[in-house]
Amino acid sequence: MKSLLDLFKQFTPDEHFDAIKIGMASPEKIRSWSFGEVKKPETINYRTFKPERDGLFCAKIFGPIKDYECLCGKYKRLKHRGVICEKCGVEVTQTKVRRERMGHIDLAAPCAHIWFLKSLPSRLGLVLDMTLRDIERVLYFEAYVITDPGMTPLKKFGIMSEDDYDAKRKEYGDEFVAKMGAEGIKDLLEGIELDSEIERLRGDLTGSEVKVKKNSKRLKVLEAFRKSGIKPEWMVLDVLPVLPPDLRPLVPLDGGRFATSDLNDLYRRVINRNSRLRRLLELKAPEIIARNEKRMLQEAVDSLLDNGRRGKAMTGANKRALKSLADMIKGKSGRFRQNLLGKRVDYSGRSVIVVGPTLKLHQCGLPKLMALELFKPFIFSRLEAMGIATTIKAAKKEVESGTPVVWDILEEVIKEHPVMLNRAPTLHRLGIQAFEPILIEGKAIQLHPLVCAAFNADFDGDQMAVHVPLSVEAQMEARTLMLASNNVLFPASGEPSIVPSQDVVLGLYYTTRDRINGKGEGLIFSDIGEVQRALDANEVELTAKVAVRITEYTKDKETGEFTPSTSLVDTTVGRALLSEILPKGLPFSNINKALKKKEISKLINVSFRKCGLKETVVFADKLLQNGFRLATKAGISIAIDDMLVPAEKHGIIERSAKEVKEIEQQYVSGLVTSGERYNKVVDIWGKAGDEVSKVMMAKLSKQKVIDRHGKEVEQESFNSIYMMADSGARGSAAQIRQVAGMRGLMAKPDGSIIETPITANFREGLNVLEYFISTHGARKGLADTALKTANSGYLTRRLVDVTQDLVVTEQDCGTHGGYLMRAIVEGGEVIESLRDRILGRSAADDVLHPENRSVLLKAGEMFDEDNIEELEAQGVDEVKVRTALTCETRFGICATCYGRDLGRGGLINIGEAVGVIAAQSIGEPGTQLTMRTFHIGGAASRAAVASSVEAKSNGVIGFNATMRYVTNSKNELVVIARSGEIVIHDEHGRERERHKVPYGAILAVKADQQIKAGHVLANWDPLTRPIITEFAGKTQFENVEEGLTVAKQVDEVTGLSTLVVIDPKRRGAAKVVRPQVKLIDASGAEVKIPGTDHSVTIGFPIGALVQIRDGQDVGPGEVLARIPVEGQKTRDITGGLPRVAELFEARSPKDKGMLAEMTGTVSFGKETKGKIRLQITDPEGTVWEDLVPKEKNILVHEGQVVNKGESVVDGPADPQDILRLLGSEELARYIVDEVQDVYRLQGVKINDKHIEVIVRQMLRRVVVDNIGETGYISGEQVERSEMLNTNDALRAEGKIPATFTNLLLGITKASLSTDSFISAASFQETTRVLTEAAIMGKRDELRGLKENVIVGRLIPAGTGMAYHQARKAKDQMDEAERRAIAESEAAELAGSTSDVSTTADASEGAASE
């Protein structure tokens, strides 16, 4: 009976695998898969539609067409299962075996596999050590290869043409063997002795760099073959597998035509050519005919495997290239991305969304018809359970008739059953959220207004999809993790995502504004109820200032009890009434101000931190309801008259026009260049526009009123347009400026500014020319948006791919590493405070009190709102925090290093996929970034050139570590450091501001000086760069000869003459000599640099104006020459999305600057053609030198001391240089700061830790330097975690570990070089990745998320992580049980009849493990 039941059992594959291995199939393996040889190219008989025997669809080989029925119809039904029909030879079984049974074709001549030949670098070429060209000539029968030279002087692997071959045959007879075609290559491959070849190469890893590189590449491939046990000759095919027929279907269409998969065509060609070749060989046809046929067979096989890879692609009847096996798996519509990573979903529906203002945050309105369809199976099962319907069919009828009982059941089924709503594009995890459905009439889904921000949805026709989680586990996850009321913070920044916008904000803002001399001003109320009654009786107005007695509750931190306190508060009627909805424990002061959008956001944030999630959600809902109600009550509307155009506008425009005329005049008289004229004109109009908008805002924002005492006073305006902009409901000052000020300057599509401004505004209306000018830039904007979306999506895809395997795997890795964090200060302004940067991170070391060194926070504890306030009060200004980059967890990251989960507000949970979260957080705002490259000029150069810097706050002066200065004869301090900074600390020693001071600046302050705000710190000449001497002495010119290296220039205005160094290209004879100056001391000897025997030599660069005479006495700090700065070319700054992509791809910038390779003294060597030789000598006397093009701006001069990593040639830094010279911490800081700059410009908040997570993934590979006793090859790239594990194992055995250096890879490179071949193949360059993996016989450990999605397992993150851990534990337990049982059986066999309870104990012990 059991065996009978087995017949009906569903076949379930055993899913417990932990890794997937890829390799190359041997001919034996291919034959073992096969169920028969395909001999004929026929497919199916066009009359009977039955497959031809031995053809491509043969039933004998591949299985029956109908379930349990042979082809000729002799055996039908289940009882014959497994019988093989003697007439037609078909096995009686299910037809689905046609999806898994393979066939094979025996090739009459071997054929090389094109992937191993043409996928670069060519694997065949590496193994044989031949060039790709030579191999191709052999394979396609253009040349012979010598496979066995015998006793002749010929070389094995030698190539000879047809004529050579004939000549050599005459000469040597049959002494040597040479072949052409894949046979020759196969013989060579079989002749390779892997072991001896590897030994030879390992010994040969010396010599020139090219040779070493080539040898190590070959070595790697050969080692891979040896390690994986794959024979090289398998790269040449003797037998070709045939795909199961149902995977390359042939479907008859009406009218006798067939739709077929291209593969059938390709296979047909191979079979045709193969059988023709076989026949030719049997007939012993002339060599040349057979050769041609072999070549055609090789080409047919190539096309089948990868069409178009070599030569022209094979085409079908309609001139379209046929889709080969390789095309099936690669690209967006290939197997990986189309079917494995994204699948279609059942139980889903989509419809238009409309607003649901009465819903609670965790609800959505679901149309009844949609719900009925989605929950059908649940309804059927209820109907059967209740006995209303006996069968599914009856239940179906019942539902379709729509009886009332069905609707009752639907209500019941839907209760407590969350559904998921998704709006495309899903850019971050808040794009899918779960809601409890509420049944509604109509056909549109109702959405809660507060979740619109997270979905980026609006109600102008957006559609959303609904998905039903079916299993209990899925429902549970949807409810606990995805319910909208559990996702109130953005994972990117930790800010609330449920912030009201638009009309709600306007309503709340209007209610909380105060009006001078409003109705009922000055009244005093005993409680809020009284205020409400007075308002209802129309005794007071909403915005009147009144005093009210209000009771506040403060929560005790330890006990959680509330203590009330009551006081009289000056407020307004609206605010007092609004205070009723405040959650218990929030002070009234939070709401006692005009509530703008930012304030409301802060309010919700404070509520979340102080009162918890539940209270906050309820509070947000109440805010929403009140906002809608109050906006309606306020009745704010706008009219043309609200757009007040300032009277002064006309005057400002006239004045600017006059200035422009003057400049035109100057240009005509030749006083200014055309570029200067353009810049100045743009400047004037830019200023005019700003001025008009200032005047306009001043007019809009204030209004005059009479107060209670009859005086005229100003108050904030109640102008509707102003209120909308001020509250943050809609519009901004810039938009109002276009409506009521002047539109100002417009840009051309290339980003340059048109110098004719639009002086009109929208209220006045534009004339034709103005309209035309404005269309120019506007159209560019539309085109940009389309590009931007695609680019941003691609960036997100690359980011997700590089981080997808990063998951929190342990609680604490125990490292003490970390980065010092301090506030970001730029140009004296705090851009990001220390508080914002360390909030939600963990301390790396104990945080000490700055004065008495007591411990304020222990290492490993997290900074939260409360203890940060404590730190700020104590004056802590820098903190060492744990970061994702210093985390020492292998294959993952630890919770302590990551810190707070921004989307939830607590410490991150183990199993959270922080990599994907980081990628989404950076990619999601991508569409808001600009696409354009900013041209310096016009708008950008408007910032006037700074010539001094002043303090913005009181404090004490300090300098940074690299600051150096000398005192000159006038007793002024002259800066001689390249990267000097002045730092101002307050009385607690906290850094308040930090200012860069250029080389040659004169300091107006000393260290530790007390200063007041507004004090000038330093000043300098912005138009020239000085060259300054650090030593005293008498000048002695060298090579300064007029007409040769310098020219005399006479100033037209002053009549003074100066010497200017001329360009060597314009000089005659003295191309090589450098004009320079030496210093002579009193005794006539050359002044030396202290501590060395270098004499002080200062070179004058091209274009320098020499400020001294020969033989003049100079003191330290004196200016020897000045270089006009004007010479710097304006370069375009890449901004927006392209900049972010550039940083994450770790590309070297176009004209990159140069950093000092080591600490030492600068000198210039002999110049070569067009290049300057820059040398740095360190204290030990080691010299490093490099050639710098003359047009580059060198920031250092002869004799200057530079620190390692300091900038010596102007230009953007190369991330690779930063990593090499300054280490990974500096690199991380550079990338984080640069990326943040781009986002900050657009007002997007992203937490630093997301960028750090990406940088960690960019640094996850290392390069092996010294191999120690590992099996690596020098120069090989290895996963960092694997390297560390290997080294730990070696240390434990007392062997020599390998040394390595960090490697920075761009995100695309990093994704492709991941250890998981499945993930890399599904990302890009599928062919290359799979070829490499197959040769190496790679194992994919299925660590990342992507691999697991592709093979269809639960992902090892979140709840899946627990599942996998439990599964592994169970496997180990089973193993232990099996061992115990085996042992007990062995013991019994040994004749001992010991108590069986011991085995039970053993298995229990294993279980308790």
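Every residue number used here counts from 1 along the chain in the order it is shown.
From the backbone N, Cα and C atoms, a Cβ is placed for every residue, glycine too.
The range from 10-34, 510-534, 1385-1409 that Swiss-Prot describes as region 'Disordered' is residues 1385-1409. Note on proximity: of the binding-site residues Cys72, Cys887, Cys894, the one nearest Asp458 (Mg(2+) binding site) is Cys894, by Cα distance.
Summary for the binding-site residues Asp460, Asp462: the Cβ-based neighbour count within 10 Å is maximal at Asp462. Reduced to three states, the DSSP call for Asp460 (Mg(2+) binding site) is coil. Asp458 (Mg(2+) binding site) is surrounded by 11 other CB atoms, counting those within 10 A of its CB over all protein chains shown. In the three-state DSSP reading, Cys88 (Zn(2+) 1 binding site) counts as coil.
DSSP gives Cys813 (Zn(2+) 2 binding site) a coil state; it is part of no helix or strand.
The number of other CB atoms found within 10 A of the CB of Cys72 (Zn(2+) 1 binding site), across every protein chain shown, is 14. For Cys887 (Zn(2+) 2 binding site) paired with Asp462 (Mg(2+) binding site), the C-alpha to C-alpha distance reads 43 Å. Taken residue by residue with DSSP, Cys897 (Zn(2+) 2 binding site) is part of a helix. Each of the binding-site residues Cys85, Cys894, Cys897 was scored by the number of other CB atoms within 10 Å of its CB, and the largest score is that of Cys897. Checking each of the binding-site residues Cys70, Cys72, Cys85 against Asp462 (Mg(2+) binding site) by C-alpha distance, the shortest gap belongs to Cys70.
Each of the binding-site residues Cys70, Cys88, Cys887 was scored by the other Cβ atoms within 10 Å of its Cβ; the lowest score goes to Cys88.
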